[in-house]
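Going by TrEMBL, these are the annotated features:
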{"type": "ACT_SITE", "residues": "102", "note": "active site, proton donor"}
{"type": "BINDING", "residues": "72, 143, 170, 228, 229", "note": "FMN binding site"}
{"type": "DOMAIN", "residues": "16-300", "note": "domain 'DUS-like FMN-binding'"}
């Protein structure tokens, strides 16, 4: 097994979790610039889809600032994973990750993503195919969940036999989707089974802050963790830096410009959710959000932010030392 960059990261490892429709190239760039996560994952891309559509390669765009950068694949055909893994190596990624945790019905319902938890035989074939594809050039990892419809130690024991460079585990079952609380006790037990000198183990789920993450690492015996939803509109979560509203809006605009640079086609509607996430945590943020989600380009974002800062109700908050959530 080739550990690659995983063997060089200082612990605790605090990384950016892969999130479909969220961790695209512009978002990862901004997070790398302001948050400096220890490792970054792309949003997942279909291994089968890469065979038929070169358009999917745009989802694998990345900047050198993001390194170490791991490409995540999903699917259900081992041969497609073999071909996709070779492509990932060719594109210069530092690692490849196999998604065995996505709970979306369109994925898990086909036996892919979290659906593989119920089919360890196919999961083993896919892992072997990816290893053949990378040919020892980059490390292979898996992101998964604590079980399918219940906590499943037999799934953890299976993963422990697969000689993986890293395993990251979300503390909910497929059945839970994103409801309830992440079960960190189960994550801890899985870490005890899977973690070794040759397999890095990361937990994932309900990490509220950098400090909370470091406390979870100590309490639950993991090598690190991946932060997901807490990073929405808050790339500074990795540093623990408290950021004033003015800075948040400056970065929101920068993010918008970067989005247009990478995706010049008419896709700005995707950016709107990011803008809504930046507009939280300060007075009159609700009014600002309502305007930002109606924008169609970065120039419009700039106008909305300028008006908010200088003409609307936002002026006062930029002269205060503290702000309140709205």
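Positions of Cβ are set from backbone N, Cα and C atoms, glycine also.
Recorded residues residue 228 (FMN binding site) and residue 102 (active site, proton donor) have their alpha carbons 13 Å apart, per Cα-Cα distance. Long-range Cβ neighbours of the residue listed as 'active site, proton donor' (same chain, at least 6 residues apart, Cβ-Cβ under 8 Å): 20, 44, 74, 108, 112, 113, 114. Secondary structure at residue 143 (FMN binding site), as computed by DSSP, is strand. Sorted by the number of other CB atoms within 10 A, the binding-site residues 143, 170, 229 start with 229, the lowest.
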